[in-house]
C-alpha cells in the first residue's frame, strides 16, 4: 500500500451507529499542502473557504446520478438528482462548525445528511460519495413480499444508510460543502487540518420500514410530472444540473455510534496527537429521544433507535391530536397517546413504542383527560408501553431478561453497579464491539462501550437486535472483548448511555 494512504471515516442520522477503528498512514506533505491551498482563499489571514468548487459540484452530481441509475435490482421510480444552492449553503454553515456529528438539530427535521472526514492526502469529494455507495455490498434489498407492512432492515455491515440515502428514489436535490478544520475532535482524537465534507439531501430518505426505491423496469413508475421522460434509467425532466429550489421534508437516519472501519497498518508519520483513550461516558450514544408534547410518531422516528422517548410534563393541556384507542395512528402525538393509554401521567416520563403495521381505521375514546379522534382511513399504527427500571449485578445478561424476539423486544432501563470492569470473563464475558452477543454481561459491556464509568456505574438503555454471524473483539476502556466466528446461539444487543 502507498505510504500516502489517508484516513477515511464516514458518519451516516444514529446517530448508531449500525463501528471504532482507524486507518493509519504516513501523509505526504506535498499532497497536504496542495489540499490546504485548494480550499483556502488567496487573501491573507482569510477564513477557510467552505464553498465547493464547480468542478467538484459537477462530479458529485454526475456520480450520484450514475450510481442511482445502476442500482441492482433495478429501480422503476428512480428520479434524476440536481444540485441545490440552498442545501449547499446549509452544508457550508454546518461544515464551518467542525463538529463530527449530524446537525444542526433543527435542520435535520427536514433534510438528509451524509458526512465524511479525512486527513492527509488530497481526496476529491466524489471519492467519499463512492465510498458511501460502496456500503451496497452489505445491503440486502427488501422485495415487496418481504414488507408486511414494514420492510426489514438488512445491513450486514456497520452502516448502510449512506448508501440508501444516495439511492433514495424520491431524493432529488443535493448540496455539499468542504471545510478544512484547523482542529477537529473525531471520536476522541484531535485531527489537525481535517478535511470535512458535508452533503445535505432533500427530500430526505431513510424512512424506517420502507425500501429506498421500487423494483421494476427502469422508469416504468416515474411520477407524472416527468412526462414519461427517461435518461440513463432515471426519471428525467431536463438537462439542468443546478437549481435554487426550496427544501422538501422527508426523513433520514442518524447513526448513534461510529463505524467499524478496516485497520490499515502503516508507519506513523506526523500524526496529530490523539486524545488519551480513557474511560468516559458518551454523551451522544443515546437511545432515548427527548421530544415535545406535539411530536408525532412519524415525525420523530429516526434510525433504528426509534422505540424509546422521554415526554415532558404538562402534555394534557396540549392541543396535539391523538387518533385511535390502544392502537394509535402514526400521526398521533406520542406523549398524549401515552397519557391516553395510561403509560404516563401529566408529569411526563419514559415511553416505549412498538410499531404495529397498517390498520384500516382508528376508534375514538376519552381516557385520562385525553380525548382521541376516530379516523376511518388506512394508516400505520403504533402502541405505547411503560418503561420500567431494574437494578442488576455485574453478571446479568440480556439473554436472561429480554432476549430479542421478532419483530421487536423492549428491555427495562438497567441500573449497573460500579466496578464491573475487573470481573473475570468466565463470569462476566463481553463478546463483540458496538453490537454484542446477548450472553455478554450488560454492565461490563457498558464500560467497554464507554456509556458508563467503571468507578461510578449508572443507568443504561439496551436494545435487543437479531444475532450477528460474527462478533469482533476490541480493547476499549481497559476491557478486552472477545471475538466469535460463525456464532449460532442466542441473539445480540446494542447498549446506550442515559442522559440524566
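Using N, Cα and C of the backbone, Cβ positions are placed for all residues, glycine too.
The stretch that Swiss-Prot tags with region 'Disordered', taken from the ranges 238-259, 260-281, 282-303, 304-325, is 260-281.
For the disulfide-bonded residues 293, 311, 420, a Cα-Cα cutoff of 10 angstroms around residue 335 (disulfide bond) retains 293, 311.
Counting other C-beta atoms within 10 Å of each candidate's C-beta, the disulfide-bonded residues 293, 420 are led by 420. Between the C-alpha atoms of residue 420 (disulfide bond) and residue 293 (disulfide bond), the distance comes to 38 Å.
Of all the disulfide-bonded residues in the list 311, 315, 443, the shortest Cα-Cα distance to residue 394 (disulfide bond) is found for 443. Among the disulfide-bonded residues 293, 416, 443, the ones whose Cα is located within 10 Å of the Cα of residue 315 (disulfide bond) are 293. The separation of residue 416 (disulfide bond) from residue 293 (disulfide bond), Cα to Cα, is 30 Å.
The average pLDDT the prediction assigns to the domain 'SCP' (62-201) is 92. Ranking the disulfide-bonded residues 311, 315, 335, 394 by the number of CB atoms within 10 A of their own CB puts 335 at the top.
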